[in-house]
Amino acid sequence: MAAAGAHRPGPLKQQNKAHKGGKHSGASQRRAGGRVAVKAQPRRRLRDLSRVDRRHQARQLRRQRKEAVLAEKRSLGSRDGPPHLVVLVPLHGRAAAHDTLRLLQSQDSMVVHGGEGRDGDLALLCPRLKQRWRFVTAQAGEGMLSLVGSWLHTSGSPCNGDILCAGDLHAVLDLAKVADSLLFILDSTDGWDSVGEHCLSCLFAQGLPSYALAVPGGTDLPPKKRIDARKKLAKAIEKRFPEAKLFPLNTEQESSLLLRHLATQKQRHLAFRDRRAHLLAYAAEFVPGQESNLVGTLKVSGFVRGQTLDVNSLVHIVGHGDFQMSQVDAPPDPLSLNPRVVKGQKRSQDMEVQDDSVNGTDEMEEDVKVLMKADPNKQESLQSEVVPDPMEGEQTWPTEEELQEAEASLKADRRVVKVPKGTSKYQAAWIVDDGEEGSEKDDDDDDEDDDIDEDMMEEAVSQEGESSEEGEEAAEEECETMTVSECLRDDQYDEKVEEDEQMLERYKQERMDEMFPDEVDTPRDVPARVRFQKYRGLKSFRTSPWDPKENLPRDYARIFQFQDFSRTRKHLFRQIEKEETEGASVGWYVTLHVCNVPVSVMESFKEGKPLVLFSLLPHEQKMSVLNFLVRRHPSNSEPVRAKEELIFHCGFRRFRASPLFSQHTSADKHKLERFLRPDAALVVTVYAPITFPPASVLLFKQRSNGVHDLIATGSLLSVDPDRIVIKRLVLSGHPFKIFTKTAVVRYMFFNREDVMWFKPVELRTKWGRRGHIKEPLGTHGHMKCHFDGQLKSQDTVLLNLYKRVYPKWTYDPHVPEPVPWARSESALLVQEVEME
């Protein structure tokens with residue numbers, strides 16, 4: 001019994017709502033067995049710091065970021081890091097790279113001319129500053145000339161301002177992929193020309209590393225005009241480089257300032273290379289295989305950059321394909337700041353070093369050690385496609401009920417027909433009943449008319465053939481032979497006229513597609529239900545369902561697909577950031593033994609083209625469907641049709657493919673675009689090897705003369721074979737008789753059966769009315785339609801049909817070298833004549 005003075009709650013006591021645990025609350029309590037979970041401290045309390053603690057935390061974060069930037073600057077070009085790779089890019093015909101290099105090597109440093117294949121590689125070793133640089137010249141023009149040869153050019157050299165004197169566009173882009181800094185060499189008056197503008201457009205679209213602007217020359221001008229020219233040049237470059245600083249380069253003091261700026265400026269990161277190990281070849285050697293001299297082992301030496309290089313991973317040689325490695329060696333560093341110290345000895349303390357007793361080539365000396373060899377159990381496979389099994393499809397035998405239903409349907413379809421004696425079952429099936437004669441009378445009449453026309457055409461053709469034979473015999477008797485000079489022939493000029501006609505036809509098609517998007521004429525020789533049998537109607541393009549696994553092409557059996565691509569990508573990148581990979585660390589000078597490499601790779605390296613290698617992340621050698629988000633480049637105005645062959649520069653890859661263009665929307669279906677639109681961003685879909693974004697993409701189109709035109713730039717959107725690209729066809733008809741809410745429409749179809757076939761599909765008009773087909777009228781395609789309002793006489797009735805489309809499998813990793821860009825139209829004409 002309660003005490004008399006006990007407190008009793010009053011009517012204003014707070015009543016809390018009881019917690020509803022749901023139907024599983026009892027089960028969860030029994031499963032817990034009385035255990036109570038530990039209460040985690042909420043994040044809000046962790047953030048509720050005092051003002052002093054917040055300041056202290058911000059100061060610590062700021063110090064950590066500053067130390068990370070300083071550590072990156074100090075490691076680049078130091079003894080333990082790779083040499084500072086600087087790529088010189090002249091942007092004008094009068095900008096000479098050899099003058100810049102002559103000033104740079106006049107510093108208090110040791111000059112090393114090295115690098116096989118490219119005699120122009122120049123390395124500067126400065127023990128006093130504990131820095132080392134490697135300078136490589138990249139130019140876009142006619143042929144690859146060595147740097148030493150360019151030093152010997154005089155005023156009468158081939159570099160006359162019309163055509164660039166060295167390199168090509170591929171070399172510029174490949175070197176920019178691995179460069180630490182780009183040194184743009186400008187003209188003192190004009191800055192850059194048309195070819196330099198094209199080169200800058202490509203570099204900005206691919207991703208620009210750290211850069212500097214050097215302006216040699218201009219000392220022959222008076223001081224006042226020199227200042228005015230400098231102001232004019234600074235204003236001209238403001239659009240491309242808003243906050244850039246111009247470095248004059250005429251004296252040794254100015255060159256030292258430029259070197260100091262290159263060494264101390266903040267490095268700009270390119271995401272596609274920072275997550276992958278990459279290497280620019282310093283030397284290379286080809287060892288032919290035992291079976292064939294055309295394929296062998298390529299020994300590539302260079303400095304590891306980006307990430308740690310694992311021997312079990314695959315490497316991609318830019319422009320040549322994917323390959324496996326057999327082992328990694330540690331030769332002596334040719335650009336060591338202290339040559340007396342052998343860096344291989346220091347590395348051998350951190351990693352177990354084996355003697356090289358397998359490969360007994362002359363290059364392997366006593367101080368060359370084997371760092372690691374590939375493990376066949378851990379090595380990545382080169383398999384890029386799935387080999388489909390044609391017998392893999394599931395096959396089931398029909399049940400007894402299905403067999404009985406089939407027999408019953410056959411009996412129901414049988415009919416009794418009177419036939420002449422001797423008629424077979426096949427002939428009897430074609431005999432028409434009396435009731436069917438009337439419905440097919442018009443078709444029989446059309447067939448008879450076609451037969452009469454064909455007979456008349458055959459007689460006319462035979463008569464024409466006889467007359468032509470007689471005329472040819474008479475002409476042979478009257479003709480005589482004579483010699484015609486070659487200068488009178490204009491075959492080459494006629495070929496250009498034919499190209500102009502083809503381009504004019506493309507412009508017309510693009511214009512018609514803009515004026516009447518997706519509209520096609522209904523064929524009269526083929527029934528519409530046969531011509532468009534692969535298409536379907538949709539109630540709503542946005543909300544109607546479409547199964548992404550329905551009726552897939554045979555090529556989809558060859559590709560790979562992720563269950564969750566974004567999750568796999570995040571997992572891989574998290575592993576790269578947190579986990580330490582065993583292999584060659586960043587800054588080591590190593591020799592990679594790349595297996596089964598064609599000899600053409602070594603030949604291109606001997607010609608002076610750069611040899612760039614990237615390590616591949618897991619799954620990046622496998623084929624899938626890649627989607628790129630691109631936008632038309634303003635410099636290109638020619639029509640580009642879907643499924644035309646284009647050249648792709650995607651991250652570190654370069655390949656050819658025939659893409660599809662589609663709209664970029666957030667829906668689950670995306671409409672196909674027949675042309676690359678200049679006013680909107682489109683999605684480009686191709687079959688290509690998997691690449692994990694972010695990665696930039698450049699689209700080029702090759703002209704008939706071999707020049708590559710930049711047509712679009714963008715980035716990798718996703719790797720998704722389930723992205724549905726829908727092709728739309730629009731059939732149009734015209735109102736013949738208009739009533740209140742009905743109308744008679746003609747010219748959409750031309751027979752009664754087509755009207756009945758497409759009767760379930762919804763109609764719409766250009767002025768926004770919606771309706772449906774009620775019934776056909778007559779036998780020539782007229783139909784009675786009902787709409788939600790009265791039509792206007794100038795309105796057009798439309799019927800939309802849809803079909804899913806897929807890209808063509810035209811992937812080719814071998815891209816032809818581009819013909820050098822000309823700086824003027826006269827130079828381009830001379831270039832075309834020389835090619836012919």
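Keep in mind that glycine also has a Cβ here, set from the backbone N, Cα and C atoms.
For 53-65, the entry in TrEMBL reads compositional bias 'Basic residues'. Beyond the compositional bias 'Basic residues' (53-65), no same-chain residue lying 6 or more positions past its ends has a Cβ under 8 Å from any Cβ of the stretch.
The compositional bias 'Basic and acidic residues' feature in TrEMBL is assigned to 66-77.
The compositional bias 'Acidic residues' annotation in TrEMBL covers 433-458 (among others).
The annotation compositional bias 'Acidic residues' is assigned in TrEMBL to 466-480 (among others).
Residues annotated as domain 'Bms1-type G' in TrEMBL: 82-268.
Feature annotation from TrEMBL assigns region 'Disordered' to 1-77 (among others).
The region 'Disordered' annotation in TrEMBL covers 340-362 (among others).
The region 'Disordered' annotation in TrEMBL covers 374-409 (among others).
Sequence annotations record features per position, and here TrEMBL assigns region 'Disordered' to 428-490 (among others).
For the compositional bias 'Basic residues' (53-65), residue counts in helix, strand and coil come to 13 helix, 0 strand, 0 coil, using DSSP. With DSSP classes pooled into helix, strand and coil, the tally for the compositional bias 'Basic and acidic residues' (66-77) is 10 helix, 0 strand, 2 coil. Mean pLDDT across the domain 'Bms1-type G' (82-268) comes to 75 in this model.
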